[in-house]
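Quick notes on the structure that follows.
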Amino acid sequence: MGSLNNVSGASFATAATGKDSPKCVPITINECKKVLPYKITRFPNLIGSENEKDAEAELITFQPLVGTGCSQLLKFFMCSVYLPMCHEKVPVPIYPCRPVCEKVKNSCSPVLHEFGFKWPEKMNCSKFNEENKDETMCMVGPASEDEPIHHEDPEHGQEVAQVNNEGVSQPSVQTRCKNKLNEPSIYMNRTGQCVPLCKSSHGYSQNDQETARSALQILSILCISLTIMCVLLYCMRRQGLANLCDRSLVFSSVSFALSSVVYLFSLVYKDQVSCMPYVNSQIFVVAGLQYVPCTIMAIILYYFGTTGRLWWFVLCYFWYKPQPDPAVAPSSSSGVFRMQMLTWGVPLSLLIVALMAQSVQADPLTGICLVGGGASYRPVIQGIFGGLRDLVLVLGCLVPLFFGCISGMGSPRLSPFSTGLIACFYPVVATILLIFAFQHLAPVPNGLNWIVMARLLTDPILGILAGLACLLQMAINVYHSNRSDLMYKRGYQPAAPQIPQPQIPHQYVSGSNSTMPRYATATTSLKQNSYN
């Protein structure tokens, strides 16, 4: 391949005039006989080859490029350039049309750049005719369109091109990646993947992508707004959330709000986050590619999404097993501190595992970088770091809620019924979203649907739920606190109950003795006798 840019040949004008060119000669190069629809050619050609032997020597230098499978049209294009079509009634050679050259150049130039070469100037696409006409004849190429390459996992039997010590692919290994979505892709030797370009639609229409991004943006803004209200009210009236059980709602809401901020940032700077420069192109970040901006956004989203879920678990746990008031039992403050350290620290260990698994990639629908990313690429990774995490936390929340309902545990001061009812919100909603997430692990659906949207909007939905639950719990606690302050206010005595008294008959309240009952008269006379 080293001679790609060093061959000096006759100009296109000289080749086109056909001066001193011999008559048509048969093609004997076997590789070209298989792909060319004609059997005769003429020399000299556009490149400057004087005979078929020179043309064959030049074609051999392109075998490594052909071996990469960067374009289906590459072999036809190369053979038709070095062995142009010859017709007895046409005085000039017939070369491929310009669109064929441009397709091959767009697909294979990035591969050449990876090896340190440029597209050969002698094959400048401007030298070829635009379309096939009577005066400017050219070949439009095979009937099948040039099929861009696409990654297929090695476990399905797909081989990848090997690289020798000079960085050139071995021609003996043939690689062909089939793109089911018919999207432009670039083969990367160092990862063995065919990576889609950043401009690829990934099987979604532009309307689907705009709808998904708008929904994510609206729900993220709503989540942030509810969290701001919750935090402001908490700062104004701390008695609204006086213990760790209730404050866990604030921490959960704040965690999801911070993840929503990252969502908005990633949507605004989508091209800078989810697309990385590669040679002269912008490629989409997939698993296995190390791109710092995408990795940072993904680990922040995963961290705060996990902490938000863990604080719901803390709410459920302390509803089942409430902590004593730190003012009454100061030793309990150390347990609260340990719980906070555990809740904020556990997600860090999960992040280390995710980074070791190289599971960071961009979602094909929105371009948001996620741990596990789009399930269309690596559904197993998506299931482990997404679905399995949610499944464990949902079960962890259901256990204390179940035993709490059975045993009836809880302190009246903490309003256990309302707190337990609010704690049930997360397992119910998360279970529904979890069902959608596992449904998404099935073959990729066509276009946008509720399953895809539910998986994408899980964190903002849970954040909105946490914010509403926080405001509701705060309102309930403030209401109970106001009632307690009124009932136990110093000097406060409840009013005597107004019990209706039976009416005394008129004859019993008369002033005359004659109207008194006999037993009353007898009693009076006995008293008088005793005094005497």
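Keep in mind that glycine also has a Cβ here, set from the backbone N, Cα and C atoms.
Automatic, uncurated: that is what TrEMBL annotation is.
Candidates considered were CYS97, CYS101, CYS108; TrEMBL assigns the disulfide partner of CYS125 as CYS101. Of the listed cysteines (CYS86, CYS97, CYS177), only CYS97 is recorded by TrEMBL as the disulfide partner of CYS138. Note: TrEMBL links CYS70 through a disulfide bond to CYS108 (candidates: CYS24, CYS32, CYS108). Between the transmembrane segment (341-360) and the transmembrane segment (289-320) there are 3 or more Cβ pairs closer than 8 Å, counting only residues 6 or more apart in sequence, so the two stretches are in contact.
The disulfide-bonded residues recorded for this entry are CYS97, CYS101, CYS125, CYS138, and the Cα of CYS101 lies nearest to that of CYS108 (disulfide bond).
Note: the CA-CA distance between CYS125 (disulfide bond) and CYS70 (disulfide bond) rounds to 18 Å.
Cα-Cα distance from CYS97 (disulfide bond) to CYS70 (disulfide bond): 19 Å (rounded to the nearest whole number). The Cβ of CYS97 (disulfide bond) has 21 neighbouring Cβ atoms from other residues within 10 Å, across all protein chains displayed.
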